[in-house]
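A quick write-up on the structure given underneath.
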Amino acid sequence: MPSLAVPHLTPISNEHLVSSKEVVFFWKNRIEMFEKKSDKVKQAEHKARDDGVELESQFIMRVPKELADTVHEAINAGTIKDRLTIQLDPDLRYGEVRIDDQILYTKLVDLPTVVESYKTIDNKSFYKSADICQILICKEEREDETEKESPNKNKKKDPNKVDKKYLFPHGITPPCKNVRKRRFRKTLKKKNVEAPEIEKEVKHLLRIDNEAVRVDYEIINEEDKPMDELEQSDIKPYNDADDDLQDESTMHASEKTIMEMSSQRHLQVESDDDEASNFPSHRAPNMGVAVHDIFGEEVSSTDDEDEPDRGNNTMQRRVMEESSRLSADDSRMSDFFGASGSNTGAGVVKMEQNVFSKSMFGHEASSPKLSAAGSSSNLAAPSGFYDSQMLAKREEFENMEFIDEPQPQYTQQQVQQKINQLTRQIRELKAQQVQKSTEIASIQNATLKQRMQETLDNLYTQVIERELELKDFENMLES
């Protein structure tokens with residue numbers, strides 16, 4: 001085992017040391033050859049470097065606690081050169097350290113942190129000498145030979161990659177414990193990308209662009225694009241059938257809302273009749289049916305003033321959502337609700353008074369639909385809920401026959417222009433179909449092929465729509 005002598009050791013004051021049990025040595029990275037001379041002349045001759053620059057590497061030597069004081073005393077006394085020797089293996093990872101007569105087995109590992117070291121001559125000016133990124137750990141027990149041998153001995157190693165057993169997990173300060181695991185994430189592995197296939201697809205797309213008759217492109221900045229601008233694909237043509245469907249759905253929504261409200265009243269009245277025996281005895285008998293007779297206890301009290309009326313807000317929100325579904329532009333619905341405005345106004349006044357008459361809760365159902373939509377009990381809807389005028393209006397509305405609005409009248413010249421325009425559009429769409437079909441036949445990528453097929457199906461749909469419109473205008477022209 002070759003011996004590397006330490007010709008000069010410079011002690012560092014305790015304020016620059018991380019721990020009093022660690023000593024920093026300046027180990028010169030130069031090969032020194034010592035030859036035995038005669039007893040009169042014994043001096044070391046070293047081989048000079050070609051560039052004349054002596055570089056040095058620094059590391060921290062960590063020794064056991066009982067020997068740390070001995071090393072500090074030797075450094076302060078200036079006898080460290082005679083009392084301490086360091087011997088390292090050729091791989092510069094394992095070695096031995098002799099302190100007086102005691103031998104320690106060492107291992108040089110890499111720190112996860114970098115510590116800067118400074119030198120001074122006059123204790124006033126400091127200059128940086130090196131970056132300390134290794135630590136020499138000294139132990140009394142020899143390390144197992146199995147740990148020295150790498151398990152992946154036969155594998156090809158990267159010369160720039162350090163073996164994991166030489167990577168120290170901790171720093172030199174307590175906050176840096178397990179810093180390598182906590183601070184540094186694992187290196188992401190590069191995914192294998194099939195470059196030839198991608199290059200082939202790109203060349204194919206470029207070849208299609210070169211063979212195209214015309215290529216149009218437009219640069220659109222999404223930030224500068226106004227919000228009210230709509231794409232042509234999002235604008236649907238006006239159709240009278242859609243309007244009729246909307247009117248029908250609005251009518252069903254209004255009927256459903258009325259039926260749900262009546263069913264809720266049925267449930268409340270039934271529960272109140274079951275709990276009639278629990279009413280307080282001091283209530284006046286001639287007051288009629290009050291709010292608490294139907295809804296039980298009071299809706300709110302002074303104890304709940306701190307909290308908002310969540311139930312009322314929720315109910316109002318539901319009513320607003322249901323009412324928002326109704327179309328305000330529908331003349332038939334406005335006529336229906338306008339005629340019954342007086343009756344509903346009277347109903348609101350009654351609700352505000354919070355007093356109900358017992359005649360409202362009869363046993364005969366005023367409407368078969370409402371009785372069917374109510375609760376499963378024998379209690380029917382109140383007889384005075386709908387008056388005769390309201391029922392007459394409702395029957396008139398249900399029996400009303402909806403007449404389609406008249407289509408706009410076109411002159412013969414306008415019809416001919418529409419026919420020419422639709423014929424030109426159909427011709428252009430069919431030309432695009434032929435071009436897209438040719439492109440799809442030559443595409444091998446499944447995802448791109450599916451996307452192109454969707455575009456082709458859209459073109460087929462547009463052609464069918466234009467042909468139907470063309471047939472309508474041709475019929476108008478013949479008539």
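We count from 1, first residue shown onward.
Here the Cβ of each residue, glycine as well, is placed from N, Cα and C on the backbone.
Per Swiss-Prot, the annotated phosphoserine among residues SER38, SER249, SER271, SER340 corresponds to SER271. Between SER300, SER327, the residue that has phosphoserine written against it in Swiss-Prot is SER300. Per Swiss-Prot, the annotated phosphoserine among residues SER277, SER342 corresponds to SER277.
When the residues SER233, SER281 are compared with Swiss-Prot, the one annotated as phosphoserine is SER233.
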